[in-house]
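The structure appears below as structure tokens.
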Amino acid sequence: MTIEHSNVGERYNPRAREQKWQAIWDEKKIFQITEENCREKYYVLEMFPYPSGRIHMGHVRNYTMGDVVARYKRAKGFDVLHPMGWDAFGMPAENAALQSKVHPKTWTYQNIAVMRGQLKQLGLSLDWSREFATCDVAYYHRQQMLFLDLYQKGLVARKVAKVNWDPVDQTVLANEQVVDGCGWRSGALVEQRELAQWFFKISDFSEDLLAGLEELEQWPEKVRTMQKNWIGKSQGLLIRWALKSTNGADEVCEAFNEVVCYSTRPDTLFGASFLALSVDHPISQALAQKDKALSAFIENCRCGGMTTAALETAEKQGFCTSLLAVHPFNPRIHLPVYIANFVLMDYGTGAVFGCPAHDQRDWDFAHKYDLPVQPVVLPKGSDAEDFVIAETPYTGDGVMINSDFLDGLTPQEAFEAAAERLEGQMLNGQPQGKRTVQFRLRDWGISRQRYWGCPIPIIHCAACGVVPVPRADLPVELPDDVTFDQPGNPLERHEKWQKVACPVCGQSAKRETDTMDTFVDSSWYYARFTAPWAQEPVDKNAIAEWLPVQQYIGGIEHAILHLLYARFFMRAMKLIGYVTVDEPFKGLFTQGMVVHETYRDDQGWVSPAEISIIEKDGKRQAHKLTDQSEVTIGLIEKMSKSKKNVVDPDDIIASYGADTVRWFVLSDSPPERDVIWTESGVEGAYRFVQRVWRCVVLSAPVLKEVIPCTGHQGAALELSKAAHRMLCTVEDDLEKFAFNRAIARLYEFLNIMAPLLNKIASVEDEMKASLRQAMDFFLALIAPIMPHLAEECHAALGGKTLICELPWPVYDPALIVEDCCTLPVQINGKKRGEVTVAATASEAMIEEAVLALDFVQAHLVEKSIKKMIIVPQRIVNVVL
């Protein structure tokens, strides 16, 4: 293939050049994995997008990071799998059908077409031959196979359960999908309902999922901690309390003469001042049948949401019953029994005792209902007579006080002593205490009352009951002829689709109308990418080659949703026999967001495209372009359509090119932190693109005829040392995801190279050879981040192959011994940046390097240098 390059005399035109190189990559199928490849495997994957309509800058940053890793690893000699697909089921498509009268399938595939084109504009090194959408029949067919496999292994259950019901979306939500008591998509206040639901038995893997976190050394500690807390293993005691009635509850006491509480702090029993039961506890239900006020209280609690997250933020509320609980260590102490909104029935036993002195939730409750607060843990070094609990509970360590036989013990010692005493005491013929382990993790409810999801392959027969769809009858396809003229699930109104013969008895039966939670779709897609053409859900040979994913990239918001479900699915697939490994993702990187200033006027939010910003008297001012009216500059926040602080990637690519966008989103801050989008930052990246091209333009006539070689003496040797050090440090930065540091080093090295390239015609042959090697290194290192520019420059210098097909350069360890120094550069006494020069550089060499810096040049647009103060190996101050 003949590779043409730009006329070296022209300004670099990113749009034309980028399209050219993308076409060449596509034609040669550079990034497509074939079975003939036999090098070491490396699987890099970014969380695939929901096809909402257009990509945003968060997508750009996420996928650019993954692409840098993919291109770097490919150059390092790996066979790299870097696929792309679409997380395509979900409520937004149905909402669009309701609002715009567009079928969800049409809406989804139209959006995919647009977003695919946008992603291709970025020059991502993706294997598009493996592309699929989770709404493709071929994909959800295999997902239904997996459901049947899980069903056969006993990992699927159908049971009536209280569920989180979103009254707007009219569907069930998992606990993780309820945020502050509201639906994560609709924002509606979640209600509690009892429905027959399908569950995946993720709780069977609680211990294994917890233990597996210790092996995930390449995961952020924060994510591992979040999952550990969500799984929520605790070691505690089941404590049985005798019940007494004050009045009106004698019948309840006959049926329930005791209540069992679960506690991780039996050491604090002498500080207990109340018991609290869940609104769903059998005792609560029995009392409510005879007490209308209690019944109303329970209904009110349910309307506020009953998830852990909702209850943590809700005001603590209780209803005092006529029951009293007898203290297990002192029968003369009787504690009031409350029905409380903060106790969950599905954790522990649905009953707790409250120790207000040493627990914030209990203190809040006791403070509201004027209950006693008795401290039983004394901080070390404190005086028991003076110690009181005032505004906040004491939750630290210490020694036990006011606790009878536990006094003087540490809380840990008191736990054991209390447990032993309770295990030896009897109540109604059984020990009053029993050690147990509890997990917070609950089974995953996957039933959703909506159309646009994977149909659950189940048939309901009046004679045979619940019957799985035979594997040979799959897929159960979604019907296209549905209506969206009202909320709810259209499948429930589609009698023709529902009607089916029972595969066991042949009688008329009905299909399951619930579809699967969309998190099921994303829980195994990474495995399907290894062989998306396989007839079974996965190809075992491909799985063995590629899994686990070496590097997974996505947002930390998925720590206890997608990431935990994917870990469960991997274990379930191992149990079925599809895979041999436990974990889906060996390495995980969670990137920060792209954020932007917000702007407002009297009419509301204003977009960045509608304003101009000037600096006046040291302050930035914003005005509307249309009428020059003043606009208030607000906080820097996550880009969102609602606040209009979004920047369309298409517009930026059209103006500056994809390489500029890729370079900027990685250059401005560490990748795990948020990056602030600024027009000046993008313009700076664009200037760098043009500067690189100018350097190539000036040097190409000479360098294209030069064979690269390491310098052996003088300035040529110093340049080679700098080039090899750059190669070593940038390689280390890329391995550590320190993309911003790598970019900073590339800026610095161009500052070293540029003055020499400007006088290329007059330098000695040894320097020319050293410069050619340095330029080759430089282009190889910018290629993962700015692939189009690197290809164009490589071709301009006479390259006969694609730079993306070249191996990563190798540095000489003998040349990376540190003999450079980095000097802070001040302008009028204020630090503006740094310059790296040889430790032995003369003042003239330092001055030349400083004058070549972009930020120095920017300050010289309207001003001139009065003097430059250089303290060798210390500092440079430019006085304007």
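Including glycine, each Cβ sits where the backbone N, Cα and C put it.
The ATP binding site annotation in Swiss-Prot covers Lys641 and is backed by sequence analysis. Listed in sequence order, the residues of the same chain lying 6 or more apart from Lys641 (ATP binding site) and placing their CB within less than 8 Å of its CB: none are present. In the three-state DSSP reading, Lys641 (ATP binding site) counts as coil.
What Swiss-Prot records for 49-59 is motif ''HIGH' region'. Using a Cβ-Cβ cut-off under 8 Å and counting only residues 6 or more beyond its ends in the same chain, the motif ''HIGH' region' (49-59) has close neighbours at 86-88, 90, 92, 108, 111-112, 114-115, 118-119, 133, 555, 593-594, 639, 646-650, 665, 677.
The motif ''KMSKS' region' annotation in Swiss-Prot covers 638-642.
In the motif ''HIGH' region' (49-59), helix, strand and coil residues by DSSP number 3 helix, 0 strand, 8 coil.
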